[in-house]
Amino acid sequence: MSKVHVFDHPLIQHKLSYIRDARTGTKEFRELVDEVGMLMAYEVTRDLELQDVEIQTPVTKMTAKRLAGKKLAIVPILRAGLGMTDGVLSLVPAARVGHIGLYRDPETLEAVEYFAKMPQDIDERQIIVVDPMLATGASAIEAISSLKKRGAKSIRFMCLIAAPEGVEKMQEAHPDVDIYIAALDEKLNDKAYITPGLGDAGDRLFGTK
């Protein structure tokens with residue numbers, strides 16, 4: 001069964017309070033999501049494999065540590081996932097970036113893929129799928145299934161807030177994928193919105209309705 005990591009770091013919780021606040025404008029909301037994405041990425045990448053390299057400092061030669069082999073790929077779920085991508089990239093600027101777009105079928109309510117563009121060596125990289133919200137879990141489950149079909153073997157999912165219902169469905173569908181969240185909220189309401197939540201992350205990021 002996948003592990004659920006809930007971050008209680010004071011800086012993350014402080015910034016998340018402003019992200020949730022309905023009075024927070026688009027510019028500040030976007031900046032805060034970016035910042036929290038960076039802070040979360042620090043912990044998500046904590047156990048990346050390192051290798052020894054020989055370097056020359058201004059004083060002497062030494063053995064240092066660098067990331068081993070192929071490194072990271074960040075895959076935002078369009079469009080809200082874009083808001084977290086730059087924050088992760090500020091920490092690991094050499095990471096490759098894929099994109100996956102999904103929409104909800106109005107009849108079946110299932111997530112349907114309409115766009116996907118991935119690095120060619122996706123099977124050799126540690127994948128971090130990013131999306132601000134894990135509500136029903138449908139989009140995240142479909143995105144991860146799509147990545148696995150393309151050969152991805154090592155995947156993690158990172159979001160700002162999640163509902164227990166979405167976490168449960170993710171664990172059932174992908175028990176090998178660890179979930180990293182800034183807050184686990186109470187529930188989904190009758191419109192499948194996370195409660196208390198933060199509203200529609202995409203609309204708040206891009207100033208749309």
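The backbone N, Cα and C atoms fix where each Cβ goes, and this holds for glycine too.
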One of Arg66, Arg79, Arg96, Arg150 listed by Swiss-Prot as binding 5-phospho-alpha-D-ribose 1-diphosphate at the site of Arg104, Asp131, Pro132, Met133, Leu134, Ala135, Thr136, Gly137, Ala138, Ser139, Asp200: Arg79
Alpha-carbon spacing, Ile194 (uracil binding site) to Asp131 (5-phospho-alpha-D-ribose 1-diphosphate binding site), which is rounded to whole Å: 14
Among Gly137, Gly199, the most crowded of the binding-site residues [Cβ within 10 Å]: Gly137
Whole-number Å value for how far Ala201 (uracil binding site) lies from Arg79 (5-phospho-alpha-D-ribose 1-diphosphate binding site) (Cα to Cα): 9
From binding-site residues Met133, Ala135, Gly137, Ser139, the one whose Cα lies nearest Ala201 (uracil binding site): Met133
Conformational class of Ile194 (uracil binding site) under the three-state DSSP mapping: strand
